[in-house]
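So the structure is just underneath, and the comments pick up after that.
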């Protein structure tokens, strides 16, 4: 059984390319079905898609890395050569090591972050719902969860880390002298916006508003922070009211355009605006960054901020890598053992066939009134003869080399002393 991974992340691909391969959670199931349908052997498959990475994990009799890459490139509307330049492909132990490192937060933009674990669990549930998760990938991900748990409980990998949400607050604090006088607009109502709202609310801003396509979801989040709720459609007309805008939606197209921001700046009389776009693909048109009075940051721009505390945690990283290595060895041992399962099943089936035949014969003899001891003796001899027939045949082979190999194997399997 082979395991393989194909992916792009924040270190290998720019934001706009990652945006072409971003899949919302409700898109994962149909995407997995399409992927498996495009491959010749219908492998097990799972798809992880976050703002920082898109990764496909597969397991099957033979790896189909090139076909997987070609399919993903076509899905994203780019050439295979371009995707190959910005992606990574891993097999077997390297694929397992990567999965364990990702789950443990070792491969994240924010070293040791825990959000990725929930995202992987969502991906596993989606793979199960799509009928794409088999024994091998199930083991891979369950073991990745166990490794991640041990890493977080046994090391200080997450100590002093700065989340994306905290980084956004830190940058806002550099622009505005007093966040208590700032009006903040959050666009979206997902997990990332909830985290950002929590961090900003701790600074007691002057006002908080939440714009969302679904008013119901927006109201649920707004109730936690005493925030105003507004329709997404009203955003262009009210954008000028806010000093800071943090956006993270699942939209496939930008929802805040250059024209809307220019009009907002004009109505603000050029007072600066702080904007954070945490969405992949982008929520805010990239051209907005060129405006003189706008300070726009993307997920990639926040990288230098969130990584400031990582150097002091290298000892924890080394400990975590050792835990990952142990997990990889254990998983690969399990995979190797799985290769013997068909033979074990065949051996058990053959033994059951012999047992059933001898048992049926014994029952017939007992029904005829034969002596019980004689029947049991015949039963045991019959089973013994059937089990040893193949070995005896090999020992009588005319080929000397074959006899020697058979002799060594038989001594190993049949003549071991009881311990």
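For all residues, glycine too, the Cβ spot is worked out from N, Cα and C.
Taken straight from Swiss-Prot:
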BINDING   50, 51, 52, 53, 108, 113, 114, 115, 119  substrate binding site
ACT_SITE  51  active site, nucleophile
SITE      98  site 'Important for activity'
BINDING   188, 189, 190, 191, 192, 193  NADP(+) binding site
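Distribution of Swiss-Prot features across the structure.
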| residue | record | Cβ contacts under 8 Å, 6 or more apart |
| --- | --- | --- |
| 50 | substrate binding site | 116, 119, 280 |
| 51 | active site, nucleophile | 18, 22, 192, 248, 278, 279, 280, 299 |
| 52 | substrate binding site | 9, 10, 18, 108, 109, 280, 299 |
| 98 | site 'Important for activity' | 5, 7, 88, 90, 107 |
| 188 | NADP(+) binding site | 211, 212, 247, 248, 249, 250, 279, 283 |
| 189 | NADP(+) binding site | 210, 212, 214, 217, 218, 220, 221 |
| 190 | NADP(+) binding site | 248, 249, 250 |
| 191 | NADP(+) binding site | 115, 118 |
C-beta crowding around residue 192 (NADP(+) binding site), within 10 angstroms: 23
DSSP three-state assignment (helix, strand or coil) for residue 52 (substrate binding site): coil
Neighbour-count leader, CB within 10 A, binding-site residues: 108, 119: 108
Additional residues around substrate, ordered along the sequence, whose Cβ is within 8 Å of the centroid of 50, 51, 52, 53, 108, 113, 114, 115, 119: 109, 110, 116
Cβ neighbour count within 10 Å of residue 193 (NADP(+) binding site): 23
Where residue 190 (NADP(+) binding site) falls in three-state DSSP terms: coil
Cβ-Cβ distance under 8 Å to residue 114 (substrate binding site), same chain, at least six residues away: 105, 152, 158
Distance in Å spanning the most remote Cα pair of 50, 51, 52, 53, 108, 113, 114, 115, 119, given for substrate: 15
Secondary structure of residue 98 (site 'Important for activity') (DSSP, helix/strand/coil): helix
